[in-house]
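Contents: one structure, followed by commentary.
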Amino acid sequence: MATCRRRRRGCNSQARRSRHESDPFVRRARAEGWRSRAALKLEAIDQRDGLFRPGQVVVDLGAAPGGWSQLVAPKVGSAGRVVAIDLLEMDPLPGVTFLHADFSTDEGLRAVERALEGRPVDIVLSDMAPNLTGHNAVDQPAAMGLAELAADFAGQFLHKNGDFLVKVFHGEGFDAFRGDLTRRFSRVLSRKPDASRSGSREVYLLARGPTV
């Protein structure tokens, strides 16, 4: 019989699944009906920083499976608007306009503009992460590339009092990215909610009030 030593990759995968299933935030998210544990991270940031109000317009980049949009839609209410966009399919959510598109393309941007119907954007959200290979030399640049795409989108669509919340990872490129946000926004805050795994390099940057 093959042992874990002989099949390290498979055993590592099993260990990750086991940690995921035993995670109290995963269990809580399921019990509360959220599509992903990421909703609990956003809820914690909202409770601390007061992001969402009725009537706001929010764009959720890389939205699938929809945990963030699911949380935000009732907060902004019927007077608000949530536009979710992803290359992956996403099951419909009440109060959410889903675009199956790539926001980094001209076609995707035009789709967002049509969905907004001329309304200014109050908040841009990005919980995107690349498909991880396990090799930091590959994964970190890919993650920072997604964050930079999201920042460019926010710079194009946010109004002057808007907020940009983006997931990034400590490592190469992080300091430069944060420095760029500091030049482009009035304030940049770091947030690591309890629902983020303690050993993860994941952190959320909340950039408030575009200045350029």
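Note that Cβ sites are derived from N, Cα and C of the backbone, with glycine treated the same way.
As given in Swiss-Prot:
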ACT_SITE  K167  active site, proton acceptor
BINDING   G66, W68, D86, D102, D127  S-adenosyl-L-methionine binding site
COMPBIAS  1-10  compositional bias 'Basic residues'
REGION    1-24  region 'Disordered'
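Summarising the environment of D127 (S-adenosyl-L-methionine binding site), the number of other Cβ atoms within 10 Å of its Cβ, over all protein chains shown, is 21.
Within 10 Å (C-alpha to C-alpha) of the residue listed as 'active site, proton acceptor' lie the following binding-site residues from G66, W68, D86, D102, D127: D127.
Of all the binding-site residues given, namely D86, D102, the one with the smallest number of surrounding CB atoms inside 10 A is D102. When Cβ atoms from all protein chains are considered, those within 10 Å of the residue listed as 'active site, proton acceptor' total 22, not counting its own.
The Cβ neighbour count for G66 (S-adenosyl-L-methionine binding site), using a 10 Å radius and every protein chain shown, is 23. Cβ neighbour count for W68 (S-adenosyl-L-methionine binding site): 28 (other Cβ atoms within 10 Å of its Cβ, all protein chains included). Residue annotation for S-adenosyl-L-methionine gives G66, W68, D86, D102, D127. The furthest Cα pair among them is separated by 18 Å.
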